[in-house]
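*Asks:* Supplied in structure tokens, the structure appears directly below.
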Amino acid sequence: MTKAIGGRAQGTKESEEEWLENYNYGFFHSAFPFLLPQIRLLPLGAPVLPLSRAFLDGRSLPFRQRKSGKVAQASKTTDHEKLLDWVKKDNRRMLHVVYRVGDLDRTIKFYTECLGMKLLRKRDIPEERYTNAFLGYGPEDAHFVIELTYNYGVDKYDIGTGFGHFGVAVEDVAKTVELIKIKGGKVTHEPGPVKGGTTVIAFIEDPDGYKFELLERGPTPEPLCQVMLRVGDLDRSINFYEKAFGMELLHKRDDPEYKYTIAMMGYGPEDKKAVLELTYNYGVTEYEKGNAYAQIAIGTDDVYRTAEAVKLYGGKVTRKPGPLPGINTKIMACLDPDGWKTVFVDNVDFLKELE
């Protein structure tokens, strides 16, 4: 005598797999699936609930949760990849570097007479008690320039230990240094080849104590060519500037003798574009920022997507993307992992400002 087990006769030659397949097919195609037995007993007597259609086709809650989690993760990864790709393709350029000085006219005189810069424009904002002056080697729509800020009544600032120097390319370093000496400038490093290389360099200080490295080069489209900042973790900074800012690591050099490593980051070759020089001194993880150096401004086609990338890769957005009151120029301000500030400016709005 055989016993019926959930519609299957015990003792038949039908395999367990065949029975399950037939059982489920009947369940799915029966006009009255609710008439099927609710429990079947295996030969060992263990109660087993029948497999539901939802369980078998993946619509049960555990399946849905696992599937939706994977889909969400895949979607998130794809979004990150798209954002990273957009950052790399964005139309970016270093626009200007901003810092504070104690005597605007004195600084303008030094930069124009000693370094050969031109005063591009000047604006006074009496209601907010400050004046700006823009200086450089060519028009702002195509060159990296300096934006000086003079705050009424403030004649001295703390440069701190984190800011390094600005770089200026000249055709004859020795001749430039002699001119600076005649004008009363301070030379802190006489002309000579860079350690371990052949490029002739010198270091000077402007009237406020900002250091400038003079680099001997042939004619270049971008004489104002470097901003050097010190960082506490070079690999972290390189990763951030590559992914969040879309910069390229142009080259990296380690100097064990003097215990420092530098990385040149930028949007093009350093003989044609202004670059950011990041310096890591062995064992030093923090620096004093002071209150003199302010920020670098970079052009972008979309300040909103730029803010997303900055947050994604470890930066801190200090001013949400949007238009400035009064002039409607869209900007976004942020800090890198070391606290150095950068302002991104909408490219179209920036050009409108210059009209």
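Keep in mind that glycine also has a Cβ here, set from the backbone N, Cα and C atoms.
According to TrEMBL, the record shows the following:
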- Glu213: active site, proton donor/acceptor (ACT_SITE)
- Glu147, His165, Glu213: Zn(2+) binding site (BINDING)
- 93-217: domain 'VOC' (DOMAIN)
- 223-347: domain 'VOC' (DOMAIN)
*Asks:* Which residues, sitting 6 or more apart from Glu147 (Zn(2+) binding site) on the same chain, put a CB under 8 Å from its CB?
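*Replies:* Set apart from Glu147 (Zn(2+) binding site) by at least 6 residues yet with Cβ under 8 Å, we have His96, Val97, Val98, Tyr99, Asn132, Ala133, Phe134, Ala297.
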*Asks:* In angstrom units, rounded to an integer, how far apart are the Cα atoms of His165 (Zn(2+) binding site) and Glu213 (active site, proton donor/acceptor)?
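*Replies:* Distance between the two Cα atoms comes out at 7 Å.
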*Asks:* Reduced to three states, what secondary structure does DSSP give the residue listed as 'active site, proton donor/acceptor'?
*Replies:* strand
*Asks:* According to DSSP, how is the domain 'VOC' (223-347) divided among helix, strand and coil residues?
*Replies:* 21 helix, 57 strand, 47 coil
*Asks:* Residues with Cβ closer than 8 Å to the Cβ of Glu213 (active site, proton donor/acceptor), same chain and 6+ apart in sequence?
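*Replies:* Non-local contacts for Glu213 (active site, proton donor/acceptor): His165, Phe166, Gly167, Val168, Ile201, Ala202, Phe203, Gln226, Met228.
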*Asks:* Please work out the number of neighbouring Cβ atoms within 10 Å of the Cβ of His165 (Zn(2+) binding site), leaving out its own Cβ.
*Replies:* 19
*Asks:* Let me know the model's mean pLDDT on the domain 'VOC' (223-347).
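*Replies:* In the predicted model, the domain 'VOC' (223-347) has a mean pLDDT of 97.
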